[in-house]
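Student: My structure is below; once you've seen it, I'll send some questions.
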Amino acid sequence: MSFTPKRFIFLGPQGSGKGTQAKMLADFLNIAHISTGEIFRAAVDQDTILGKRIAAGLASGKLILDDDTNTLVADRLSAVDVQNGFVLDGYPRTLNQATFLEKTSAPQKTILLELSDAEAIKRLMGRMNCSKCGTVFHEFYKRPKTDEACDSCGGDLVKRRDDTEESIAERLRLYHQETEPIIAFYENSGRLVRVDGRPGIAEVHVAVKRALNL
């Protein structure tokens, strides 16, 4: 009997909990959790020509070029720890990226975490990120055990400078513009499941597993 790797993608607006839910699902299935944030940070740390382009793009707040993102993701998906499958969050972000992924690592299911813009803004305004490992916490929904320190690595927790209401609203506008075609892409192929992103973390995790028949 041939083995089929488990491959899943999370989509959803900023603040919907994609990263948290993707990691929880990956841990549950014992497969790799892959986020573009981690991939980009690793590329920047390597200080290659590509890494310098990524650093410049991140500093400007603009989306990274599709070709650069595809190159980095393809390299990560070729790693040994991905043989049993993966859960992706933060990718694909454009239809071009989704089409690229189909060529080698097409997902079995894509989970869309649905959240209103108003709720997303509320969540993002209270978000804190670890400056070392990137783990996300929240002033109300996911407080760290120790104030201003990451539970995972002890790193300092910081707020993003662009987590203002105006900036978040603009990012959400871009999200809808870029992501609607991707949602349609996976829905038309029968691989999209929708999950309400409003409940608490544990409740959403249960709903995700139920939607995937796990």
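The backbone N, Cα and C atoms fix where each Cβ goes, and this holds for glycine too.
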Student: What does TrEMBL list, out of PRO181, PRO199, as binding the same ATP as GLY15, SER16, GLY17, LYS18, GLY19, THR20, ARG127, VAL136, PHE137?
Tutor: PRO199
Student: Compared by Cα position, which of the binding-site residues GLY15, GLY17, GLY19, LYS62, ARG127 is the closest one to CYS150 (Zn(2+) binding site)?
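Tutor: Answer for the nearest of the binding-site residues: ARG127.
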Student: How many neighbouring Cβ atoms, not counting its own, are there within 10 Å of the Cβ of ARG160 (AMP binding site)?
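Tutor: Neighbour count, Cβ to Cβ under the 10 Å cut-off: 12.
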Student: Counting by DSSP secondary structure, give me helix, strand and coil numbers for the region 'LID' (126-163).
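Tutor: Its residues divide into 0 helix, 12 strand, 26 coil.
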Student: Return the maximum Cα to Cα distance in Å (whole number) over the record's AMP-binding residues: THR36, ARG41, LYS62, LEU63, ILE64, GLY90, TYR91, PRO92, ARG93, GLN97, ARG160, ARG171.
Tutor: 26
Student: Please give the ATP site's span as the largest CA-CA distance among GLY15, SER16, GLY17, LYS18, GLY19, THR20, ARG127, VAL136, PHE137, PRO199, to the nearest whole angstrom.
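Tutor: In whole numbers, the farthest two Cα atoms are 17 Å apart.
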